[in-house]
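In what follows, a structure is listed as structure tokens, so that the remarks can point back to it.
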Amino acid sequence: MSAIESVLQERRIFPPSAKASAGAAISGMDAYKALTSEAERDYEGFWARLARETLSWHKPFETVLDESNPPFYKWFEDGEINASYNCIDRHVEAGNGAKNAIIFEADDGTVVNVTYQDLLQRVCRFANALKKRGVKKGDRVVIYMPMSIEGVVAMQACARIGATHSVVFGGFSSKSLNERLVDVGAVALITADEQMRGGKALPLKSIADEAIAAGGCEAVKSVIVYKRTGGKTQWHEGRDLWMHELVEHEAAQGADSCEPEWVSAEHPLFILYTSGSTGKPKGVQHSTGGFLLWAAQTMKWTFDAKPDDVFWCTADIGWITGHSYIAYGPTAIGATQVVFEGVPTYPHAGRFWDMIAKHKVTIFYTAPTAIRSLIKAAEADAKIHPKSFDLSSLRILGTVGEPINPEAWMWYHENVGGGVCPIVDTWWQTETGGHMITPLPGATPLVPGSCTLPLPGIMAAVVDETGQDVPNGQGGILVIKRPWPSALRTVWGDPGRYKKSYFPEELGGALYLAGDGAVRDKETGYFTIMGRIDDVLNVSGHRLGTMEIESALVSNPIVAEAAVVGRPDDTTGEAVVAFVVLKRSRPEGEEGKRIANELRAWVAKEIGPIAKPKDIRFGDNLPKTRSGKIMRRLLRSLAKGEAITQDVSTLENPAILDQLGEVR
Ligand code: WT7
């Protein structure tokens, strides 16, 4: 049964408990409605109020929203602000310097606590070091680092001096890193010698060296290396620098403070690359003020975070979730958070539950894929079952990145949440900067598998291909009708692509197109996400463009043609299936297996291991219409192992369908 079918069959409703509502930031549906109607009555006034209450401004803004050049919207533009000041200094100034900002747990279980005071010192020293290397406001700095205190420090230090960071996930290949370094025009790269995951040391610096050697990034003057393992690395004198040496040098000079660079609220805080349906990944550009406002506000609304909470988001800083809900959101509100270096299955698949118990985590935020894989492990071994750990500290649970099937939701609710913790199923995207549609833990009656209702101020709707609203109960295209502060501002270096991808003329040019299908429930108006409507796959909550994987495959000299589709997968949500035509004859038996493995390794090298096809099928040809168009719908059926019910009379060679059905 597909996730969507089961979602539609799930009718149980879980109202918020009195405990969850008591003292919650939004304590019931009346409070929710009061906020949504405030936003409807006075849209700009609503956002201005939040921005004034939630953030500390160096110079207050006067204009709220500038819509003079749609869809290039600007928020709070004449206001001056610094993200790092808001995330660190103001908590120290308020007397909370001794509070833990980060409880870091390494892969091997070592724990390091970092107070807000410590964080301030680390960020200032490193910010000063970056300035000495000539990094200045507006420069782009690429961060290719493991999950670490140093990774957060690097992001905050860039923000402090007004440099725009672009974090590249540590699992991406040298080729992907090179493309991003070139596209963003980086002047510096911050990396680590190696990263530790699941007891294994994986290289980062040598991949970074390869990425730079591949050319086009002559602007990169400094490669700053965090020493994580002390593993062997090649050294390029004059270019490469140890992070700890730079920081020690600043410390020796007493350079423990660094005046924040006050920037316009519209100044680009970061650029984060994400896959689209066409072409190369897009550099999604986010602002400083609007982004930070929503990262902080959603910590309060969606997670109901309070000063005593211990928040843990298991994402990686290489993804948007790690930007909004590790580097910026928790720190912006002065929370204590757990930052984890490792993987959920090492040294055993009870690691998450063990860490929740150990650090008394109160708010836990993870991906459905992780839950699904841990269910399997827990049900097979009582020792690592969540019930074997004291999870009584937990108050609120969250999920992100992909639809959660009701079975996994129920398991999470009962076994991790003890049947009492609300689950916030947060729908959002790299482009939206923060949560858009999500339950509120103290207000929203929950329906497993539904992300329920938009946050106050977010004008989400379901429309048809012409941009007209469809009635509840009817599926359609998910859009956001009005600009909101944390929306992407543009695609770095390609404003035309921004306009075309997100505000298509077909929908009238004014609606933000999310790229997902959705349906609203007839009675409740609740949203259920039905997955991407474009050629974007979601594998373990990671976004992959089918075209990117196809280009990677055809760049292999033995490949003539390739088509990639997604297939539903019990654990990863979707899996990559590649249909490949070789330049030589179709391989059979063992040889087919060998070549399939070679191609998997090739894709890992071209993009990163996350993009490796699960299945590779070889054919003498691909199913095409007479005009030469690949029949993707047929391929999707083949990938699922379904019987072909479509009309195949237009196919040149129907026999290839049998070939392509064979799994390697
Ligand atoms: C795509 C965005 C959200 C930050 C991490 C992923 C899918 C995201 C949900 C959810 C169903 C979801 C959508 C969306 N998605 N959250 N709660 N329920 N689908 O960010 O890599 O930009 O991917 O993830 O398809 O468009 P991303």
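Keep in mind that glycine also has a Cβ here, set from the backbone N, Cα and C atoms.
Over in TrEMBL, the protein carries these features:
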type    : residues                                                                                       : note
BINDING : ARG197, GLY198, GLY199, LYS200, THR321, SER540                                                 : CoA binding site
BINDING : GLY401, GLU402, PRO403, ASP425, THR426, TRP427, TRP428, GLN429, THR430, ASP516, ARG532, ARG543 : ATP binding site
BINDING : VAL554, VAL559                                                                                 : Mg(2+) binding site
DOMAIN  : 32-87                                                                                          : domain 'Acetyl-coenzyme A synthetase N-terminal'
DOMAIN  : 96-484                                                                                         : domain 'AMP-dependent synthetase/ligase'
DOMAIN  : 548-629                                                                                        : domain 'AMP-binding enzyme C-terminal'
MOD_RES : LYS629                                                                                         : N6-acetyllysine
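Overlay of TrEMBL feature records on the structure.
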| residue | record | contacts (Cβ under 8 Å, 6+ apart) |
| --- | --- | --- |
| ARG197 | CoA binding site | ASP107, PRO146, GLU341, GLY342, VAL343, TYR346 |
| GLY198 | CoA binding site | ASP107, GLY342, VAL343, THR345, TYR346 |
| GLY199 | CoA binding site | ASP107, ASP108, TYR346, PRO347 |
| THR321 | CoA binding site | CYS313, ALA315, TYR365, VAL400, GLY401 |
| TRP428 | ATP binding site | ILE320, VAL400, GLY434, HIS435, MET436, ILE437, THR438 |
| ARG532 | ATP binding site | GLY515, ASP516, GLY517, ASN538 |
| SER540 | CoA binding site | ALA367, THR369, GLY401, GLU402, THR571, THR572, GLY573, ILE610 |
| VAL554 | Mg(2+) binding site | ALA560, GLU561, ALA562 |
| LYS629 | N6-acetyllysine | none |
Among GLY401, GLU402, PRO403, ASP425, THR426, TRP427, TRP428, GLN429, THR430, ASP516, ARG532, ARG543, the record's ATP binders - longest CA distance, Å: 18
C-beta crowding around THR430 (ATP binding site), within 10 angstroms: 19
Entries of THR321, TRP428, SER540 (binding-site residues) sitting next to ligand 1, with Cβ under 6 Å as the cut-off: THR321, TRP428
THR426 (ATP binding site) versus LYS200 (CoA binding site) - Cα distance in angstrom: 32
Spatial separation of VAL559 (Mg(2+) binding site) from THR426 (ATP binding site) - C-alpha basis, Å: 40
